[in-house]
Amino acid sequence: MDLRFFLLLAFGLLCFSRVSVCEHVEDDVDVEDELDLDLPGADDDEELEDDEATPTPKAPPVPNVTYKAPEPMGEHFFAESFDRGTLDGWVLSSAKKEDTDEEIAKYDGKWSVEEMKDSKLPGDKGLVLKSRAKHHAISAQMLRPFTFTDKPLIVQYEVNFQAGIDCGGAYVKLLTQTPDLDLDHFVDKTGYTIMFGPDKCGEDYKLHFILRHKNPKTGEFEEKHAKKPDADLRTYYTDKKTHLYTLVVNPDNSFQVLVDQTVVNSGNLLTDMTPPINPPAEIEDPDDHKPEDWDERPRIQDPDAAKPEDWDEDAPPQIPDADAVKPDGWLDDEPEYIGDPDAAKPDDWDEDMDGEWEAPQVPNPACEAAPGCGAWKRPMVDNPNYKGKWKPPMIDNPNYQGVWKPRKIPNPDYFEDLQPFRMAPFSAVGLELWSMTSDIFFDNFFISDDRNTAERWANDGWGLKKAAEGAAEPGLATQMLSAAEERPWLWVVYVLTVALPLILIIVFCCTGKSSMGSAQGQISLQGLQEEFKEGGPPEPLQKKTAASPAEYKKTDEVQPDVKEDEKAEEEEEKTEEDEDKAEEEESSPAAENGEEEEQEEESEEKDNTKSEDNVLRTSPRNRKTLISRRSSQTSVTRPSVSSVHCAAVNGICGFSPKL
């Protein structure tokens with residue numbers, strides 16, 4: 001009972017502490033927002049009370065943070081924050097997509113430079129894809145071409161799916177530097193070196209890293225796809241937050257794909273691309289064919305096996321039960337179903353067109369009390385003689401030659417490129433997209449070969465967005481209320497989580513004390529009744545109880561308790577002397593010893609009883625002294641009538657005189 005009570009009490013306090021902490025944290029956030037961001041409402045108590053009374057949770061205030069456009073500080077090849085508010089330097093494609101219907105072939109999707117709809121940083125602008133179900137193409141020249149030498153390539157930019165994403169991409173293409181590169185005619189077939197970024201359609205969440213590798217033998221380009229990330233990418237497409245996508249390709253052919261500065265995919269260009277960068281050294285001979293007599297069967301039917309003579313293939317799997325007996329009372333002449341006697345032919349029934357009318361069938365009422373109606377048939381049981389169709393057993397094929405494979409020949413197209421990092425240079429950045437969702441937000445494009453410079457740009461741009469979004473997020477209590485508005489059944493969970501522990505604590509507190517008190521009262525009353533039955537009412541209860549030591553005046557005179565202690569010690573010494581005499585007399589003959597022992601015991605009982613009664617009449621301190629002494633004596637000597645009586649008296653004296 002006690003353990004269960006304390007566990008429930010601890011659980012209840014934990015629940016209340018969590019609720020109070022959540023409210024405290026929410027209040028702290030609101031206060032900090034008002035103090036740090038100079039938001040109105042810090043002194044308007046009446047407005048706060050009205051807002052709290054509103055059932056719908058109020059949206060969190062937008063932090064008033066001063067936005068400063070990031071500035072590139074270090075070596076870089078391209079940097080664009082769109083904070084100028086224009087598309088200067090960007091080229092909209094005016095081309096048409098080939099092999100597509102004329103209505104949707106044009107790249108006529110709209111672009112705009114604007115702030116996000118739910119911007120937490122006033123003044124922070126980006127490139128927004130505005131149209132849905134249209135082709136979009138826009139590109140910009142870099143400060144200078146990027147050449148793959150002995151420094152890494154770092155590409156990063158931000159994406160926010162403001163309206164979610166149903167089917168569409170948000171990837172960027174690094175356009176290969178060629179003499180005929182024309183950004184006015186940027187289309188899907190324009191050559192690129194790397195394609196990188198998110199893409200989603202249906203439930204397929206992708207994060208592309210595709211490079212175009214040039215075959216040194218043929219000079220043709222072939223797309224190589226990085227392995228699929230092991231991380232779950234769903235959140236980046238559904239949380240409507242701004243995410244930073246980063247690609248790092250190193251001169252040692254290693255690569256890393258990061259989202260929000262966290263690695264979600266990594267590998268090596270030589271081993272983790274599909275199809276592989278380098279083709280196999282050997283291939284199967286296309287002119288080699290499997291011989292007609294090649295036997296690939298590992299096991300065959302035994303040709304020497306014969307069907308046993310007693311094998312009956314025609315035996316049925318089930319037969320009627322020969323031991324079954326028709327139950328008594330079975331109605332053979334009664335049908336199981338009869339025509340409904342209460343049914344009547346409809347007035348509009350036409351027998352020429354509808355045929356002869358028949359009443360609908362209903363269960364026969366005569367069969368309700370009987371075990372069955374109609375012709376009785378024996379139930380079917382499994383046939384013990386059933387064996388099925390005979391098949392010869394299987395044996396190992398003595399002519400087995402294994403699975404045939406064509407022979408290997410040297411690959412005529414084989415080459416070995418140990419430096420796939422050295423890709424074709426690129427000189428422009430482009431977005432060539434199709435999306436069924438609009439309002440895709442792009443921002444802070446950056447290309448560099450220095451990791452520190454790229455991280456500094458990311459912290460000045462995306463880092464500021466992340467801090468602002470985090471400051472504007474609602475508290476835990478607000479989130480719980482918002483979730484309950486969307487899913488009302490959560491109110492039941494909240495009530496049970498808070499109210500149930502409170503009810504249990506109240507119930508166990510009240511019932512626990514009463515039950516413990518009643519149990520102690522019953523035990524005390526039973527002990528008192530037993531003492532009264534054995535020896536009658538004790539003398540201390542019949543007379544006036546002696547005053548406690550606290551009731552005496554504090555003086556220098558000898559207190560009554562001290563005198564009583566001295567008397568008790570004298571009586572105790574006398575008792576010990578009597579016991580010593582009894583031990584000396586034990587050496588006498590057996591008959592005399594027996595008689596003397598009985599006399600000594602009787603005298604001892606009288607003396608002890610008298611001394612104990614005197615002690616009980618005095619002070620509680622003497623009673624405690626007597627109890628401790630008797631408990632030590634009973635551990636070394638056998639119990640006597642006087643000790644039992646003392647225990648009973650002590651039990652009674654242990655109760656309060658108020659009883």
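Cβ atoms here come from the backbone N, Cα and C positions, even for glycine.
Per TrEMBL, the feature signal peptide maps to 1-22.
Taken from TrEMBL, the feature compositional bias 'Acidic residues' covers 33-53 (among others).
Among the features that TrEMBL reports, region 'Disordered' is placed at 33-64 (among others).
What TrEMBL records for CYS167-CYS201 is disulfide bond.
DSSP assignment over the region 'Disordered' (268-349) gives 0 helix, 16 strand, 66 coil. Annotated region 'Disordered' per TrEMBL: 268-349 (among others), in sequence order.
Under the heading compositional bias 'Basic and acidic residues', TrEMBL lists 287-309 (among others).
Here TrEMBL flags 330-339 (among others) as compositional bias 'Acidic residues'.
The annotation transmembrane segment is assigned in TrEMBL to 489-510.
Here TrEMBL flags 531-643 (among others) as region 'Disordered'.
What TrEMBL records for 551-566 (among others) is compositional bias 'Basic and acidic residues'.
TrEMBL lists 567-605 (among others) with the feature compositional bias 'Acidic residues'.
Positions annotated as compositional bias 'Basic and acidic residues' by TrEMBL: 606-615 (among others).
What TrEMBL records for 628-643 is compositional bias 'Polar residues'.
Same-chain residues at least 6 positions away in sequence with a Cβ under 8 Å from that of CYS201 (disulfide bond) are, in sequence order, ASP166, CYS167, GLY168. The Cβ of CYS167 (disulfide bond) has 14 other Cβ atoms within 10 Å, all protein chains considered.
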